[in-house]
Structures are given as C-alpha cells and as structure tokens.
Amino acid sequence: MTNSEEVHLRSREKSSGSSGFGASSNGESSSKLNTKDKMKRVPGGGRPRNRKVVIGGLLVLALLAWMFLFNGSSTPMHSVGWLDENVYLRFGLNKEVYAVVLDAGSTGTRVLAFAFHQSVHDNNLKLKDELFHEVKPGLSSYSDDPQAGADSVKQLLSRAKIFIPQEHWAKTPVSLKATAGLRLLPKAKADAILEAVSNVIKSIGFHATEDSVGIMDGVDEGIFSWFTVNFLLDRIGGPVSKTVAALDLGGGSTQITVASSPGTIEFLPSEDIQNISLFHQQVPLYTHSYLGLGLQAVRKAVLSANQTNPESTVLESVCVNPVVSREWTYGGVTYTMKGVQTGKFEKVQYNGFARKEAVADWDECYKVIVKIIEEKGVIKPKDLNRQIVVISYFFERAAEAGLVDPLEGGKLTLQHYLDAGKLACRTVNADLPLACLDLTFMGAILHNGYGLAKSTPLLVLKKLHGHELSWALGAAYHILQNGG
C-alpha cells in the first residue's frame with residue numbers, strides 16, 4: 001500500500017506514534033476467455049462463429065451482473081458478502097486475516113477475535129466473523145495477585161485459539177489494552193499485572209510484540225469506539241456530515257467523540273482535536289475522555305460524597321433507598337452501602353393493602369451528581385446536532401430498566417433516562433439498589449454535562465449486525481492496517 005493510501009487515525013505533533021486505518025476502494029478484476037475452438041463455417045456462408053460460446057458468455061455476464069446487484073443490495077459495505085466469499089477469496093483476490101484484541105476494563109476482561117477478508121489489491125478489510133467472551137472481575141481486582149489476573153487472560157485466549165485456524169496463529173496479531181481500571185491503580189501494582197499478562201500473551205502462540213500489552217490512552221479509546229460505530233453503520237468513506245457521534249460509558253471513564261464542523265471547531269480546546277486522514281478524507285475529530293466519570297467511578301464518588309471518615313467502608317447516600325444495606329465491591333475493596341432517611345415516602349401495594357415506604361430523594365441525588373460532573377469540567381460541544389449513538393453502560397442500564405430491547409437496543413430520548421431515574425428512586429427495589437443512582441447519572445451527564453436537550457434522540461445499542469460495539473474492532477482494524 002502506498003503512502004497516499006495509508007490512513008492515520010491520529011496525527012498529533014506531540015504524539016510519539018500514530019494509529020490509523022487503511023483506505024478502502026473497490027477491488028477490480030478482469031478475466032479473458034481465450035478460445036481456440038475450431039471455427040465452423042455457417043451453412044450458407046457468412047462469418048464463422050460459435051453461437052454456444054456467445055450465448056454462454058452472455059449468460060455469464062448476466063449472472064455476474066446479478067451477483068453484483070445482489071451482493072451490493074443485501075450486504076453492508078463493511079461485511080463480507082457472497083462475491084467476497086465465493087469469487088474474490090477463491091481466485092486469490094482476497095485473503096483471510098485475523099486479529100485478537102483483549103479489552104481489559106474495570107469490571108471485566110473481554111476477548112474479541114475478528115476474522116476479516118483483506119483485499120490483496122489495496123489492503124481494504126471487510127469483517128467476516130467475530131468471537132466475543134468475557135470474564136469477571138477486571139484485571140484491576142487482581143492488584144494483590146497478578147498471576148491470577150494473567151490466568152484469566154489465558155482462559156480467554158484459549159477460546160480465541162479455537163476460533164482461529166491453527167495455521168493462522170503465528171500470523172495473527174494479539175493486543176491487550178487496559179482502560180480506566182488499571183489507570184486508577186498505583187503504577188507499581190498496574191505494572192505487575194501487565195508484566196504477568198505479557199508473559200502469558202508472549203507464550204500463547206499468537207504474534208506478540210513488545211507493544212502488545214499496555215494501558216490504552218483515553219483518546220485512542222474514544223476514537224476507536226467512534227470508528228467501530230461508524231464502520232458498522234457504513235458511514236465511513238462518505239460525507240463527514242453523515243457520521244454519527246459516539247458516546248461510550250465505561251466503568252472508570254467515559255468518552256465522547258464526534259466529527260467537528262467548520263464554525264464550531266474553534267470553540268473547542270485544541271488539545272481535544274485529532275486531525276485524522278480517513279479513506280482519503282481529512283476528518284477533524286473532537287474527542288475527550290473523562291477519567292473518573294465512568295459508571296463505577298461515579299458510584300464511588302456519589303456514595304462517598306458525605307463520608308467524613310475516608311477509611312470507612314460504610315457508605316451512605318441519598319441516591320440509595322433507605323431500606324437498602326448491601327455489599328458493593330469496587331477497586332478490590334468491599335463496601336457496605338446504605339440509604340439514608342430523606343423524608344420522602346411513596347405508597348406501595350402489598351397483598352392488596354397500601355402502605356407508605358421511605359424512598360430515595362431524586363432531587364437531592366441529582367444535585368450530588370451534577371456537582372461531581374461540574375467538578376470534572378465537562379465540555380458542551382456544539383457538534384452534537386447529529387445522530388448520537390450511546391453504548392456500553394448506556395445500553396446495559398437502559399435494557400435493565402426495560403427502556404430498550406435487551407438484544408436489539410432501540411431509540412430513546414434523553415428524557416427517558418431522567419424519567420427512569422425518577423421512577424427508580426421512588427421504587428423500593430432491593431434487587432437493583434443502584435438503579436436510582438445509575439440512571440440519574442446518565443441523564444445528568446447527557447444534559448448537564450454534554451448540554452443535550454432533554455428531547456434529544458439517542459440510538460442505544462450493544463451490537464450492530466451481530467458485532468459488539470466497542471473500541472476493540474477499531475483497534476483490530478488499525479493493527480491489521482498499520483501493524484501497531
């Protein structure tokens with residue numbers, strides 16, 4: 001692939017390296033049919049010709065035209081279609097390649113192994129298949145036993161080896177990137193975990209390098225998530241104005257990424273603008289990662305808001321129902337979380353009789369959460385006037401609350417999160433003791449944080465076309481295109 005065809009994901013003067021994606025173009029092939037059949041004289045004179053060959057050629061052309069139409073109309077541009085599988089691969093125009101990405105998040109570690117078809121003409125990648133599996137807890141929970149964390153990774157890699165044909169193992173790049181969970185650990189403990197994991201990855205049989213294991217920068221996490229969403233929606237390579245904004249809510253951090261428009265980019269911090277070259281297009285991306293505003297980190301901040309003794313493992317909050325007293329583990333520490341009496345009551349039906357029950361105070365809970373968001377200095381970008389896709393915990397809590405289908409996702413407005421938070425706060429539900437806090441935070445970060453109107457439509461998704469929406473696909477694409 002020539003330099004002009006390379007696609008660099010990030011281009012920053014202060015960056016020690018770059019990350020990118022490969023350019024895409026439609027591969028073209030030609031075939032010629034040379035026949036040396038004996039020419040037959042047509043009875044009655046005239047030019048000799050083999051009518052069977054002509055008719056056969058026309059039928060072949062008609063069949064190919066039909067296949068192109070069928071393939072184009074039924075298969076997304078990013079996916080392997082009938083022609084890719086039965087023509088391009090068979091005749092050596094495509095080759096099968098694989099990549100393994102491990103997402104070491106704060107609450108669990110996930111392996112995603114991808115199978116692609118790669119064009120031998122321009123290195124363009126089309127996604128064929130995907131393996132997804134998760135183990136809990138996350139690597140940060142093994143701060144006192146790094147080898148146990150490494151063993152959990154080995155378990156995931158064994159599944160990837162079943163998914164990928166053995167003859168491809170040595171050529172398949174493997175990468176483990178830890179996100180906010182390890183970023184929040186003391187450096188010495190994080191390094192010990194990464195060293196143990198690195199030893200496992202280097203011995204597993206896939207293609208590993210010195211850079212295969214590390215802590216992912218929050219900016220890369222945001223950009224890779226944005227690419228994944230837009231790639232699976234077939235928005236890459238078209239007008240930049242048609243791309244969607246990607247809002248990713250993890251356990252330790254949250255990312256917002258959107259293509260910036262002329263007239264608004266100058267109002268954004270220059271350090272948050274990543275100029276990328278993507279499929280022969282220059283795309284200025286606004287992306288910011290807020291460490292400490294992931295769902296699990298916010299839970300800890302909210303539950304500890306009124307704590308007078310920082311060493312205490314008992315956490316009381318207005319965002320928790322007063323009847324609740326439950327254990328909750330975060331960062332390897334087990335806490336007892338309790339609700340407090342707020343003076344709020346709701347009538348609850350029990351066996352046909354109504355009685356008053358103490359409930360959480362949504363208004364006070366909202367104030368606590370907004371204060372935490374404001375302390376992080378969340379920016380309100382003006383480029384969110386386009387389709388917005390929210391993923392990860394945004395999806396999980398919406399599905400848990402019955403707002404969207406747990407498999408397909410769905411469309412909501414910001415107001416749905418706020419209303420669901422209010423309902424959860426005034427509902428006595430010991431099985432979901434943090435639903436009030438979680439849903440209220442999601443409404444607050446979208447409205448008070450990013451400045452979205454309450455009527456803003458949101459596309460809430462976990463998967464597209466059977467593929468997980470996470471930064472892992474973007475990372476795999478980058479690794480295969482750029483080898484890093």
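Cβ from N, Cα, C; glycine included.
What TrEMBL says about a protein is an automatic prediction, not a curated fact.
These figures come from a predicted structure and were not determined experimentally.
What TrEMBL says about this protein:
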type     : residues                               : note
REGION   : 1-48                                   : region 'Disordered'
COMPBIAS : 16-31                                  : compositional bias 'Low complexity'
TRANSMEM : 53-70                                  : transmembrane segment
BINDING  : GLY251, GLY252, SER253, THR254, GLN255 : ATP binding site
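Everything TrEMBL records as a feature, shown here on the structure.
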{"residue": "GLY251", "record": "ATP binding site", "contacts (Cβ under 8 Å, 6+ apart)": "GLY105, SER106, THR107, GLY138, ALA180, GLY181, GLY294, LEU295, GLN296, ALA297, TYR393"}
{"residue": "GLY252", "record": "ATP binding site", "contacts (Cβ under 8 Å, 6+ apart)": "GLY105, SER106, THR179, ALA180, GLY181, ARG183, LEU184, LEU291, GLY292, GLY294, GLN296, ALA297"}
{"residue": "SER253", "record": "ATP binding site", "contacts (Cβ under 8 Å, 6+ apart)": "THR179, ALA180, ARG183, GLY218, GLU221, SER289, TYR290, LEU291, GLY292, LEU293, GLY294, ALA297"}
{"residue": "THR254", "record": "ATP binding site", "contacts (Cβ under 8 Å, 6+ apart)": "LEU247, ASP248, SER289, TYR290, LEU293, GLY294, ILE445"}
{"residue": "GLN255", "record": "ATP binding site", "contacts (Cβ under 8 Å, 6+ apart)": "GLY218, GLU221, GLY222, SER225, ALA246, LEU247, ASP248, THR287, HIS288, SER289, TYR290"}
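Same-chain residues with CB within 8 A of the center of the GLY251, GLY252, SER253, THR254, GLN255 CB atoms, the ATP site residues themselves not counted, are SER106, THR179, ALA180, GLY218, GLU221, ASP248, LEU249, GLY250, SER289, TYR290, LEU291, LEU293, GLY294, LEU295, ALA297.
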